[in-house]
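K.L.:
Can you keep this structure in mind? I'll have questions shortly.
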Amino acid sequence: MVPQVLLFVLLLGFSLCFGKFPIYTIPDELGPWSPIDIHHLSCPNNLVVEDEGCTNLSEFSYMELKVGYISAIKVNGFTCTGVVTEAETYTNFVGYVTTTFKRKHFRPTPDACRAAYNWKMAGDPRYEESLHNPYPDYHWLRTVRTTKESLIIISPSVTDLDPYDKSLHSRVFPGRKCSGITVSSTYCSTNHDYTIWMPENPRPRTPCDIFTNSRGKRASNGNKTCGFVDERGLYKSLKGACRLKLCGVLGLRLMDGTWVAMQTSGETKWCPPDQLVNLHDFRSDEIEHLVVEELVKKREECLDALESIMTTKSVSFRRLSHLRKLVPGFGKAYTIFNKTLMEADAHYKSVRTWNEIIPSKGCLKVGGRCHPHVNGVFFNGLILGPDDHVLIPEMQSSLLQQHMELLESSVIPLMHPLADPSTVFKEGDEAEDFVEVHLPDVYKQISGVDLGLPNWGKYVLMTAGAMIGLVLIFSLMTWCRRANRPESKQRSFGGTGGNVSVTSQSGKVIPSWESYKSGGEIRL
């Protein structure tokens, strides 16, 4: 029995608030007490507010938020960062060209960013070519600077749309907020001076497809509408509702934090700026179905307790606790004073923490002050314990409240480099590290030879150099051939000291050169 009570309180709490769960209901307005007979006891109907007299139920259609609308209001965009790559060249006397690359930032224009984004999305090679380093120019004995502008597109960069004022929220914005995209303002500034944010969709249209039409039953009394039974079967009271626009659509914010758009006859005040609406997701719908089932089950338990009272003709504090109104709204409160059964009209409110109703020992806070007890008895089964502590049977559900809060899920969006809180920007207009991964490496290089001549002069010089080289090679080969010829003759006629015979002009064999000379002189 106790686990079912805890589950009910927990499920009921989830559907009635956003953030911390309400764990109890207690009157914030309590009328005068009057004695009654046990036959006047009744179980509250938590699905329809009978006390307002709106018992006429008629089908109608209304508009509410789509399931998961908070996660659906995402505006996809991109960031555009301007980068200037500078190539500085110096050509020395012998013609060596030294090139040094540097990068700086510049603030881009929205039109140029839109064009670069379209290039990137379409796979246009012009985008990749725009990221290349500039082709350096150089002149002999001069320093020449060549610059090239590039636009770094980083996508996606997802922002959250505030449906109340249509502003955009992201860590990439200064103060994490941008006033929004309009016809006159097509971009948002970022926390980097040389980067702007733009939406993927160039049309300045707010993506507010967050509403859906639902069917329910209107609870009315003549022309007065007190509330309605929603599509899940849970009654929603219009008491305390205020007017609130979401994405330009006028609707009502109910006391439980839900938002609906429906026709009402009465005048309703506007909501203050701090009044927000609750999340609407599949989990809340599922829990609301479970809440309806639990409300029906709790009504059956209340009827069982009431039957026991009628049968035994006796009333206990624990049995009276079953007659408490379980949802905010009008109801009855019961107690026993001096063995007399008492009843009072009450308007119940939700309690999110026990400190709201038990601020100090022995104090049960009702209507802004400590409610007096009669011999340790309050109402609805609430009593004062022997140690002067207020005893509430459902207080043990607070242990499960902490457990349920741990089960709340959160969505971690893509971390844009500008949204990283650890990012530290450099001083001046020096290029940041987050753009380097999108650009070619810059390095210092020595390449090329330049003698200060025009292009045709370079070709003439190269041709002349080639011809001179050929002449030098030919001359060298000729010199080497001439140098080798005398050496070979000396080896042929010098001999090694032995006799060498030659033939004279007369055909006579002469044993040596000297004999040949002698013979010649004799003949003469």
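Backbone N, Cα and C define each Cβ position, glycine as well.
As the structure is a computational prediction, the values presented were derived from the model and not from experiment.
Taken from Swiss-Prot, the feature signal peptide applies to 1-19, supported by sequence analysis. The annotation topological domain 'Virion surface' is assigned in Swiss-Prot to 20-459 on the grounds of sequence analysis. Among the features that Swiss-Prot reports, disulfide bond is placed at Cys43-Cys302, Cys54-Cys226, Cys80-Cys113, Cys178-Cys188, Cys208-Cys247, Cys242-Cys271, Cys363-Cys370, with the record citing similarity to another entry. The N-linked glycosylation site feature in Swiss-Prot is assigned to Asn56, Asn223, Asn338. Annotation comment: Swiss-Prot describes 460-480 as transmembrane segment, evidence class sequence analysis. If you look up Swiss-Prot, you'll see Cys480 marked as S-palmitoyl cysteine, on the strength of similarity to another entry. Residues or ranges marked as topological domain 'Intravirion' in Swiss-Prot: 481-524. Sequence annotations record features per position, and here Swiss-Prot assigns region 'Disordered' to 487-506.
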K.L.:
Which three-state DSSP class does Cys370 (disulfide bond) fall into?
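P.N.:
Once the DSSP labels are grouped into three classes, Cys370 (disulfide bond) ends up as strand.
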K.L.:
State the three-class DSSP label for Cys208 (disulfide bond), counting H, G and I as helix, E and B as strand, and everything else as coil.
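P.N.:
DSSP assigns Cys208 (disulfide bond) to coil.
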K.L.:
I need the least crowded one of these disulfide-bonded residues (Cys242, Cys247), counting other C-beta atoms within 10 angstroms of each C-beta.
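P.N.:
Selected from the disulfide-bonded residues Cys242, Cys247 on minimum Cβ neighbours within 10 Å: Cys242.
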K.L.:
Provide, as an integer number of angstrom, the distance between the C-alpha atoms of Cys188 (disulfide bond) and Cys113 (disulfide bond).
P.N.:
12
K.L.:
Closest to the residue listed as 'S-palmitoyl cysteine': which of the recorded positions Cys113, Cys178, Asn223, Cys242, Asn338, going by Cα position?
P.N.:
Cys113
K.L.:
Using all protein chains shown, find which of the recorded positions Cys208, Cys480 scores highest when you count other CB atoms within 10 A of its CB.
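P.N.:
Output for this query is Cys208.
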K.L.:
Check the Cα-Cα distances from Cys80 (disulfide bond) to the recorded positions Cys247, Cys302, Asn338, Cys370 and tell me which is shortest.
P.N.:
Cys247
K.L.:
Counting all other Cβ atoms within 10 Å across every protein chain shown, which of the disulfide-bonded residues Cys43, Cys54, Cys80, Cys178, Cys271 scores highest?
P.N.:
Cys80
K.L.:
Quick check: of the recorded positions listed here (Asn223, Cys247, Asn338), which one has the Cα closest to that of Cys43 (disulfide bond)?
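P.N.:
So, of the listed recorded positions, the one sitting closest to Cys43 (disulfide bond) is Asn338.
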K.L.:
Here are the glycosylation sites: Asn56, Asn223. Which has the lowest count of other Cβ atoms within 10 Å?
P.N.:
Asn223
K.L.:
Could you pull the average pLDDT for the topological domain 'Intravirion' (481-524)?
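P.N.:
Here the mean pLDDT over the topological domain 'Intravirion' (481-524) amounts to 53.
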K.L.:
Taking just the CA atoms, what is the gap between Cys178 (disulfide bond) and Cys247 (disulfide bond) in Å?
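P.N.:
Cα of Cys178 (disulfide bond) to Cα of Cys247 (disulfide bond) measures 16 Å after rounding.
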K.L.:
What are the sequence-distant neighbours of Cys113 (disulfide bond), meaning same chain, six or more residues apart, C-beta distance under 8 angstroms?
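P.N.:
Expected: Cys80, Leu151, Ile153, Tyr187, Ile196, Met198.
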K.L.:
Cα-Cα separation of Cys208 (disulfide bond) and Cys271 (disulfide bond), in Å?
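P.N.:
Answer for this pair: 20 Å between alpha carbons.
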K.L.:
Please report the DSSP secondary structure of Cys226 (disulfide bond), reduced to three states.
P.N.:
strand
K.L.:
So of Cys226, Cys370, which of the disulfide-bonded residues has the fewest other Cβ atoms within 10 Å around its own Cβ?
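P.N.:
Per-residue Cβ counts within 10 Å for the disulfide-bonded residues Cys226, Cys370 bottom out at Cys370.
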